[in-house]
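Q: Sequence annotations record features per position, and here Swiss-Prot assigns active site, proton acceptor to Glu92 based on sequence analysis. What Swiss-Prot lists as domain 'Radical SAM core' is 99-333. The disulfide bond annotation in Swiss-Prot covers Cys106-Cys338. Per Swiss-Prot, [4Fe-4S] cluster binding site is recorded for Cys113, Cys117, Cys120, and the stated evidence type is sequence analysis. What Swiss-Prot lists as S-adenosyl-L-methionine binding site is Gly159, Glu160, Ser190, Ser213, Leu214, His215, Asn293, and the listing cites sequence analysis. Among the features that Swiss-Prot reports, active site, S-methylcysteine intermediate is placed at Cys338, with the record citing sequence analysis.
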Amino acid sequence: MKVVNHATKYERLKHFLNALNEPTYRYKQITEAIFKHRIGAFNKMTTLPKALRESLINEFGPSILTVEPVLETTSQQVTKVLLKVAGNNQVEAVRMHYEAGWESFCISSQCGCGLGCTFCSTGAIGLKQNLSADEMTDQLLYFYLKGHSLDSVSFMGMGEALANVRIFDALNVLVDRQLFALSPRRITVSTVGIIPNIQRMTSSFPQMNLTFSLHSPFHDQRSELMPINNKYPLDQVMNVLDQHIHETGRKVYIAYVMLRGVNDSEKHAEALVKRILNNRYPHLYHVNLIRYNPTVGTPENYGQTIEEKLQTFYRVVKSARIPVTIRSQFGREIDAACGQLYGQYQAKKR
């Protein structure tokens, strides 16, 4: 018996159990097995009758997971896992472990990306497919079932999160008290500036963290680096972000990848400061400066800015009393750092 195609497997589970006339507490038994006892295999959910376990296996497969691990790579503080998803495609997810014991996860929303940012490995692949809500949340569930603590989550892996509307189903799963039960404030969604879905984040998930990938304060240059700027111009995005702050009271993070000789000058820093100070809530913008991480598929003409330029840029922003940090580097040696995820695909010719 095949069930209707609800947005997530948890909805499909409810429908399936109802169709079998199972008591309503069966769903809770399954979710407790997964999220309380970390059991991912249906045949090991021994609180369920054997016949029901067999029915679940026949309908959903042996595991609750919809992703399949292919390769795991580890460095000192980082684990990167390559996962197979529907259509025989692949995505990557990253776990970062901090010395204080905190664990943070970076997950993908798309297989590849169709927006073509010129300095990004994922963008060099092109868009293979949008991930389902289950494929997004199962990247986390994979780590959780292995015993890891989901202290914070960011949609900063492969893909543009807000270009995949299924992310909103995924976010609902992550905050569902019967499922992952994550605090919205532990979740960060990154975007290049998809205005309609930023507005949807404002109304539907006001307490979640929002990061805007800016990378140049100049319209023409940003359009060259990030073609999406032609559809959603920087001026308009900044207005929408200001409205987001007004309605939520939450700060917005500005991600800025430092590209040597491209966007790392004092002129760029001063223009970035001017853009932020022109908004109603300049103290609620937090700039994250990110060292560029070249890898497979990224053009050779981009390089990492020199440390002196990075520090000068930092001082210009900080002197304007705008919160600013230089993001710590994790996982560069295993292609797990910012902008390096490419799912072992070959880059398209640009």
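Even glycines carry a Cβ here, placed using N, Cα and C.
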Q: Tell me, roughly as an integer, the mean pLDDT over the domain 'Radical SAM core' (99-333).
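A: Per the prediction, mean pLDDT sits at 94 for the domain 'Radical SAM core' (99-333).
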Q: Out of Cys106, Glu160, Leu214, Asn293, point to the one nearest Cys120 ([4Fe-4S] cluster binding site) in space (Cα versus Cα); all of them are recorded positions in the record.
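A: With Cα distances computed to Cys120 ([4Fe-4S] cluster binding site), the winner among Cys106, Glu160, Leu214, Asn293 is Asn293.
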Q: Max CA to CA distance in Å over the S-adenosyl-L-methionine-binding set Gly159, Glu160, Ser190, Ser213, Leu214, His215, Asn293?
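A: The widest Cα-Cα gap among those binding residues is 18 Å.
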Q: Based on DSSP, name the secondary structure state of Leu214 (S-adenosyl-L-methionine binding site): helix, strand or coil.
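A: DSSP call for Leu214 (S-adenosyl-L-methionine binding site): coil, neither helix nor strand.
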Q: Whole-number Å only: compute the distance from the Cα of Cys113 ([4Fe-4S] cluster binding site) to the Cα of Gly159 (S-adenosyl-L-methionine binding site).
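A: For Cys113 ([4Fe-4S] cluster binding site) versus Gly159 (S-adenosyl-L-methionine binding site), the Cα atoms are 5 Å apart.
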Q: Leu214 (S-adenosyl-L-methionine binding site) has how many other Cβ neighbours within 10 Å of its own Cβ?
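A: There are 27 of them.
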Q: So for Gly159 (S-adenosyl-L-methionine binding site), how many other CB atoms are inside 10 Å of its CB?
A: 31
Q: Hey, what's the Cβ neighbour count for Cys120 ([4Fe-4S] cluster binding site) at 10 Å?
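A: Around Cys120 ([4Fe-4S] cluster binding site), other Cβ atoms within 10 Å: 28.
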Q: Which is it, of Cys113, Cys117: the one of these binding-site residues whose Cβ has the most other Cβ atoms within 10 Å?
A: Cys113
